[in-house]
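Undergrad: Attaching a single structure in structure tokens format; questions to follow.
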């Protein structure tokens, strides 16, 4: 396990170890024939050795020196230059056997990382498509500086600004970062899917919210319509009681008025009779009916004997409706809360009692 990353690191396979041993320390790719062996027993591609030699001997003097990129051993060349170095035929044969083995695996259709690597185009051909280095215009970018996080060339690693940095083959870093990019894209796709699902749920919630609001709006209208209908019905009942009591009292008063009018008419007729009797000249005739007339006059003068209405009989204040409590309850009407309606009514009653105490 990698201590820094916490990831499990698999041990390299034998073929991967062999490929690493057959890699040039300059181009970091598999040796390209011809392969030359230095006096220090390290190997280089002749092309890489020539580039290394040319970078140290710009004027191409006969002979010259350069240092081994692996052990820093100073290699002295004769007038033949790098062509005077001995070829390592053993390494070249091993490379041929390795490539043949990889081709057989590729032809067999086997899966795995080794087969995919065998199906890749030659590394040198791949490098031919890479851009040139700005520091070394004749060198193509073929390695990646892990320290500076930038692509560079082999000469920059050997002599340039990246000589003390940790480097890796460009294609390896390319494959690694490409895999990371795919993983990031997949993670982004999953995140986008989750965000889309959340947005869809939010849209559904918005639709449900609008439907619920419309339903509650309709219910609210129905509740108030029912309340209006209840008030109108109660208003009709109270008006009916008021009209009934009005009719009863008016009938009573009419009956009394008619009684007094009848008594008044009878008294008027009796008065006329008394006046006529008093005007008669004969004493005997007058005295025959005078006593009865006097009695009738006295009885009539006492009044009709009808009951008079009590004081305030015409008042209807007892039929006044006290709507203050209902108005207060309606003014406090609100949407349903966790508390029950009985609790709200109890609060209203308590406040009414407090107001009455303050008035007293």
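Keep in mind that glycine also has a Cβ here, set from the backbone N, Cα and C atoms.
Because TrEMBL annotations are produced automatically, they should be read as predictions rather than curated entries.
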Undergrad: Tell me which range among 149-198, 199-248 TrEMBL lists as coiled coil.
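TA: That would be 199-248, per the coiled coil entry in TrEMBL.
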Undergrad: Mean pLDDT, the domain 'B box-type' (128-170)?
TA: 81
Undergrad: I need to check the long-range neighbours of the domain 'B box-type' (128-170): which residues 6 or more away from its ends have a CB within less than 8 Å of a CB in the stretch?
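TA: Same-chain contacts beyond the flanks: 23, 26-29, 48, 51-52, 55-56, 69.
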Undergrad: For the domain 'RING-type' (24-72), jot down how many residues DSSP puts in helix, in strand and in coil.
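TA: With helix first, then strand, then coil, the domain 'RING-type' (24-72) has 11 helix, 11 strand, 27 coil.
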